[in-house]
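Lifted from Swiss-Prot, the feature list:
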| type | residues | note |
| --- | --- | --- |
| COMPBIAS | 144-163 | compositional bias 'Pro residues' |
| COMPBIAS | 164-177 | compositional bias 'Low complexity' |
| COMPBIAS | 190-209 | compositional bias 'Low complexity' |
| COMPBIAS | 210-229 | compositional bias 'Polar residues' |
| REGION | 87-110 | region 'Disordered' |
| REGION | 124-264 | region 'Disordered' |
| REPEAT | 469-499 | repeat 'WD 5' |
| REPEAT | 565-600 | repeat 'WD 7' |
Amino acid sequence: MSMYPHRPIAGAPIQNMGRLNELLDGIRMEFESQARQYETCQHDLATQLQELQVIREKVFQMEQHQMNVKQKYEDEIALLRRQLEARGGAPGNMNPPPQHPGQQQPPAIGLGSNVFSAIMAGQGGQALVPPPPPPQQQEQPAHMPAPPGLQGPPPPPPPPSQQPPFQQQYQGPQGPGNFPPQPPQSTASPGPAGKRGIGRPPAGGPATPQINTPIPYNGGPAQSPQVPTHPTPDHTRMAQHHQPPPPPPSQTNALSELDPDRLPNHIKKMKDDWWVIFNAAVPRVLDVELVHTLQHESVVCCVRFSMDGKYVATGCNRSAQIYDVETGEKLCILQDENIDLTGDLYIRSVCFSPDGKYLATGAEDKLIRVWDIQSRTIRNTFHGHEQDIYSLDFSRDGRTIASGSGDRTVRLWDIETGQNTSVLSIEDGVTTVAISPDKQFVAAGSLDKSVRVWDMRGYLAERLEGPDGHKDSVYSVAFSPDGRNLVSGSLDKTIKMWELSAPRGIPSSAPPKGGRCIKTFEGHRDFVLSVALTPDSQWVLSGSKDRGVQFWDPRTGHTQLMLQGHKNSVISVAPSPVTGPNGVGYFATGSGDMRARIWSYSRI
């Protein structure tokens, strides 16, 4: 033990405090340096965002300029073609190459083209697809097949040498001895159109679409009677006359290829102006009856039932109309009186709100109008699309409307606030939209042959395409009632059913994994323009440019029946969400023949 007390060194605390101050000064300087770097980064980021916005604006201006220039040229070309057609044809050096069915290219939507033009321009000009007339009424040379004949025998045309070249190749069905094996099909699809001018002839084809009548199936004779020059053909025709009709072809879905005149009575149903062919290869379990015919003054572009199944709405030129399903009575006409009275303004899409109080309409003027049905006044007008609106759908809660347009966007609108809540952009025109029953997803079909599914936050969850996907533009999509599957119809003449199996709602930098195509329904002879599922998911319905409506079994892929009940393309088909007494269901069709029809279907 030391005898001297311990004392601290006097200078130690001062040295420690100095060291602490140095460290604090270093931290402060580092913080200030980081703060300056942050401010510099923020400034650089703001500058880059501003530059990016300038680039976007310039690109948008360039796109608008390009679209305006393209529209101007298309308008000038259309005007010149109309002038040439009004004068009786085009000069020989402007004669376009003949179009073959396998080479049809539908025009693009949204940048000034008119996909509906072929139908709109031919209002009332087409006759119903009747059973082909008896052979003795169509005497043809031995090497030519019977003409399809849309309205009976046409007047004999002048000799080919006296016809302008354009008419020689592009006129409709010609008289005996001067018609091609099949009439040329219009390259303009009767689906959603481009900009205005629906009532005018399309730029690239005849004013009225030449849609073929049913082609006799393979077992039937392919030519009309003629004066025999050799005993063998005469003997063959006599044998065919006494033989019973040959059986249907082996393709179980080729109902549109069958000649109803040559079918036995138990697989067909013939009425005054409509008929049904049943698939003989599968058990017959359905029957169809006409309930009401709703005559319009223009092409019927769309049909839609209310959620309670009591009303059906139609969209036509300048107005939407609502009918009572039970009586067929027209209850009201919804027409905006403030629009220009000149020209056409086709209503491309209609959709009831779930409570039935409102009807949303989309039209060529790029506006969405939400009508209060009871007061017949406009509740909301949504602006924002830059091209025609082709499709609308209400969410099941009645709060959100989805719209698809040729401007390559899907937009979501809040009906309560009147705001555009989301813009989903793609590479090509949007032809059709649908919101899933659970209100979580929105699907859209496009001219780029694919179907996209987003969640309501805007994340792309599915892209349905690939080797099993469509080979041409998709014109219609519909969710199954349980939301697990989706059906799509295309200009490739097929319907596809997709299983929506990919994970959804999870943002990812990787390309979204598409769902799986589980069925492809083949059997239509022309573009598929509209698809839907019955409320019990038992049947897929499709409407086509071939004028037919087909019922498909989603489990087997076989068609149950084909209904022919219109004189022109079936542009829209919609089932009622409600099944009536005794399991009777209803569906509506809208057509280029200026009629909508309500039908019933029931099990037998």
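Just so it is clear, glycine is given a Cβ too, placed from its N, Cα and C backbone atoms.
Mean model confidence of the repeat 'WD 7' (565-600) amounts to 96 (pLDDT, 0 to 100 scale).
Assigned with DSSP, the residues of the repeat 'WD 7' (565-600) fall into helix, strand and coil as follows: 3 helix, 19 strand, 14 coil.
Under DSSP, residues within the repeat 'WD 5' (469-499) fall into helix, strand and coil as 0 helix, 18 strand, 13 coil.
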